[in-house]
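*Asks:* Pasting a structure here, questions to come.
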Amino acid sequence: METVVSLAQQTFQLGLFRSDYFADSAANFGIKQVEFNTIASSFGGIATNISQYNSYPVVYTVLDWPADDWEIGTQSLVSSTEKLPTNGALQGICEALAEAWTIYADLRAVVMIVVENVTYNICDQRFHEFEIRELHPEIRVIRKTLTEIGEQGKLGPMKELIMVLWVKPACGVEPAARDKAPTTCRRWSGTGPNSASLLSSSVTHTQADNPLRAPRGPSGQRPAQWGELGVGIHTQNIQREKRRGRGSSDWGTSDERALVPSRTIHWHWQPSSARTSYLRPRGVDEPPGLALSVITTRSRCKDDVVSVVYYRSGYEPGQYPSQLEWEARLLVERSRAIKSPSIQYHLAGTKKVQQALARPGAVEKFLTELHQVEVVREIFTGLYSLDFDKFGEEAIQLALANPDKFVLKPQREGGGNNVYGEKVREELLAMKDSKERTAWILMDRISPPIQTCYIVRPGQDGLPPLSDLVSELGIFGVILGDKDNIFVNKQVGHMLRTKLSSADEGGVAAGSGALDSPYLIDAVVTC
């Protein structure tokens, strides 16, 4: 963290957040915060489309009312559609990304989405890409893994983040990494009885090979009088490249050899009688019956300056399989690109920070008006440190006595990491005397109201069964600013996840839950 802060070049920060809530039946159905997500806050794209999808049966069920009840049906239609809140999550998130791109002030720059090597949530990510293209066609979006950033990324002279993209050369050879990019592509061509064997041969050289060695002729031997092409040998093609400012006219000088990794060389053997179809190096005798044409083309290298980095990966240790990925993350943090999130925002979303903010006096450091402090504190549920102090020991004793009333949470994201029920006691006993316990927090378990409904899953036979379900509401918000000014700070949409009431985890991507839409009703709550 100290390394990142001391080397960071960008003062603007972009937050694309999602705060998740349960209604708590133990607190008169008031909402209680489950967690605050600052990195890879997913389902803004799919949730927006799910809201539109779920409006269909509501509208057309009403429109199918009998004609004599049409007036009642029309009134019900208006009432029903109003109870399905509009969801602008996708547009709001994408407009925030576009606003950050605008602040960066480079029309050539791209927005880069950081994705996993294998992306199961690609549909949600693609919705963002398509929405940006529709709202702002001038903004180009690219997708890169942390591994690709480590291999292709670099910092420019002004600390701009640059992705170096090797484009497939004309010879059809796909370059690998920059340090192993093919330098030479040899192709044989000819007419007559030897043409078939000539055209079937192809050799690709790397830097370990001599890119200036003449290829073998149709007899299988290199002409002895040609030897090695060395310093001072020119062709019209190379002279033409020089006039275009593309390199030295001396093939084989140290300067020209330095450019070899960005060139592709085509060697063509042709009948010597075809005088107009080949170019012969000056000062070298022509081999009997055949001539050599040296054609140089440039392997294109495209540099993309990255203005905004949108992390949809990088939130759990498994996404950093080697040192390369850690170096890629540090490279991004050191750059001028606007990050969502920056490493500071990333850490602000950890469970430990959530627990620290629930301590008495913590919220007051950020909000000065008493009523605002009270409203924020009202959504907090019980959050307890497991540090080696009086409060940590008290929390452990509470959980050991009533494990079903608590959830044990590590500093992890992505779902499937929390501990529930009797396993809370087992885990606490196992790490009671270990420093490992300080990396966990304890939270009161929320008791959301149960509804009876259906979950539609792929591969079901017949109608889905009626099930007892609970729903978790996520609210999307965006913030963009620097240490002195906030330019954007607003709520942009929502997401509703529904799961079986008996399920501890409700991850949609993990198959434990399903995306849903809220339907608003007027309710009278009595104390």
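Yeah, the Cβs are placed from backbone N, Cα and C, and that goes for glycine too.
A TrEMBL annotation is a machine prediction, not a hand-curated record.
So TrEMBL says this about it:
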type: BINDING; residues: LYS351, 409-418, TYR420, 443-446, GLU472, LYS499, GLU505; note: ATP binding site
type: BINDING; residues: GLU413; note: Mg(2+) binding site
type: BINDING; residues: ARG497; note: substrate binding site
type: COMPBIAS; residues: 191-209; note: compositional bias 'Polar residues'
type: DOMAIN; residues: 109-163; note: domain 'Glutathione synthase substrate-binding'
type: DOMAIN; residues: 302-348; note: domain 'Glutathione synthase substrate-binding'
type: REGION; residues: 178-255; note: region 'Disordered'
*Asks:* Do any residues at least six apart in sequence from ILE446 (ATP binding site), in the same chain, have a Cβ closer than 8 Å to its Cβ, and if so which, in order?
*Replies:* PHE22, ASP24, ALA26, LYS32, VAL34, THR381
*Asks:* About how far apart, in whole Å, are the alpha carbons (Cα) of LYS351 (ATP binding site) and GLU413 (Mg(2+) binding site)?
*Replies:* 9
*Asks:* For MET443 (ATP binding site) and ARG497 (substrate binding site), determine the Cα separation and express it in whole Å.
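*Replies:* Checking the Cα atoms of MET443 (ATP binding site) and ARG497 (substrate binding site) gives a distance of 20 Å.
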*Asks:* Provide the number of Cβ atoms within 10 Å of the Cβ of ASN417 (ATP binding site), excluding the reference atom itself.
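*Replies:* If we count other Cβ atoms within 10 Å of ASN417 (ATP binding site), we arrive at 14.
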*Asks:* Output, ordered by sequence, the same-chain residues six or more apart from the residue listed as 'Mg(2+) binding site' with a CB under 8 Å from its CB, or 'none'.
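*Replies:* Residues satisfying the criterion: ASN37, ILE39, ALA40, TYR315, GLU316, GLY349.
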*Asks:* About how far apart, in whole Å, are the alpha carbons (Cα) of GLU505 (ATP binding site) and ARG497 (substrate binding site)?
*Replies:* 11
*Asks:* Please report how many Å separate the Cα atom of ASN417 (ATP binding site) from that of the residue listed as 'substrate binding site', as a whole number.
*Replies:* 18
*Asks:* Using DSSP, what's the helix, strand and coil tally for the domain 'Glutathione synthase substrate-binding' (109-163)?
*Replies:* 21 helix, 18 strand, 16 coil
*Asks:* To the nearest whole angstrom, what is the C-alpha distance linking the residue listed as 'substrate binding site' and GLN411 (ATP binding site)?
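*Replies:* About 22 Å separates the two Cα atoms.
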